[in-house]
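Asks: My questions will all concern the structure given below.
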Amino acid sequence: MSTSKQRPIGVFDSGVGGLTNVRALMERLPMENIIYFGDTARVPYGTKSRATIETFAMQIVDFLLENDVKALVIACNTIAAVAGQRIRQKAGNMPVLDVISAGAEAALQTTKNNRIGIIATNTTVNSNAYARAIHSKNNDTLVRTQAAPLLVPLVEEGWLDHEVTRLTVREYLKPLLADDIDTLVLGCTHFPLLKPLIGREAQNVTLVDSAITTAEATAKALAQAGLLNTENDNPDYRFYVSDIPLRFRTIGERFLGRSMEQIEMVTLG
Ligand code: DGL
């Protein structure tokens, strides 16, 4: 029987993209055990309805709770945007961290001119979740959101420094740059992989990578709850997916920045 501190952190996403969060957590909290679930059979979520995403998200949360996690990290912006509240209700006292709260907070700390841009999936943009999170802290901030759905398949294709991706990024950023933003939130799991390219296209803008800020928020929440694992030199990482597509390992390892030992397939619902 593991103690509370030894129990794993449960991280989940619509697919493989949330591994950018796992990577940030491994770096920030190297002694924590982690269970990851990626809903690779049903990705993308970014184009689906709120009701469908909520149903899928609750199934994932049930699975992670059955695996005795001590905290939940919603790595998917789209899930956080539409199902964050329901997940928190279900989790009760357990710490629940999410990329939108952490990203909004970091953006507010970064901006100097109070003009923040957000790029995300269609569902995240339509939910208005980033603007709500930012305005709940500072109502005077200008928030400009831009759906950037084409960047998801481009990243999955590995076109991280490709001319097509560069032109797509340039097109998406045009209205945000015209609004003179000084801070841009990468509001989708896939976008941190495009940081160098986006950085070149938005030169005077500071990029907020919500994976890093979420890992920081997780460290803080675990410390506050007395749940930090400080004695574990050999952390256990388990990766569960609902389908193992042909290129899953290659793409996953690119997101994670290291090899994946155990990948297991499970069926939910
Ligand atoms: N994980 C999603 C997000 O962060 C992107 C991929 C999808 O559409 O499912 O919004």
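Yeah, the Cβs are placed from backbone N, Cα and C, and that goes for glycine too.
Summarising the annotation, TrEMBL assigns substrate binding site to ASP13, SER14, TYR45, GLY46, ASN77, THR78, THR189, HIS190. Summarising the annotation, TrEMBL assigns active site, proton donor/acceptor to CYS76, CYS188.
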Asks: What's the number of neighbouring CB atoms sitting within 10 A of the CB on TYR45 (substrate binding site)?
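Replies: Looking across every protein chain shown, the total is 25.
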Asks: Counting only residues 6+ away in sequence within the same chain, which have a CB under 8 Å from the CB of CYS188 (active site, proton donor/acceptor)?
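Replies: In sequence order, GLY17, GLY46, ASN77, THR78, ILE119, ALA120, THR121, THR124, ALA148, LEU151, VAL152 meet the Cβ cut-off.
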Asks: Mind giving me a neighbour count for CYS76 (active site, proton donor/acceptor)? Other Cβ atoms within 10 Å of its Cβ, every protein chain shown.
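Replies: Other Cβ atoms found within 10 Å: 33.
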Asks: Can you tell me which of the binding-site residues SER14, TYR45, HIS190 is spatially closest to CYS76 (active site, proton donor/acceptor)? Compare CA atoms only.
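Replies: Nearest in space to CYS76 (active site, proton donor/acceptor), counting only the binding-site residues, is SER14.
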Asks: Beyond the listed site residues ASP13, SER14, TYR45, GLY46, ASN77, THR78, THR189, HIS190, identify every same-chain residue whose Cβ lies within 8 Å of the center of their Cβ atoms for the substrate site.
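Replies: Sorted by sequence, the hits are GLY15, GLY17, GLY18, VAL43, PRO44, ALA75, CYS76, ILE79, THR121, THR124, VAL152, CYS188.
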Asks: Around SER14 (substrate binding site), how many other C-beta atoms are within 10 angstroms of its C-beta?
Replies: 27
Asks: At 10 angstroms around each C-beta, which of the binding-site residues GLY46, THR189 has the fewest other C-beta atoms nearby?
Replies: GLY46
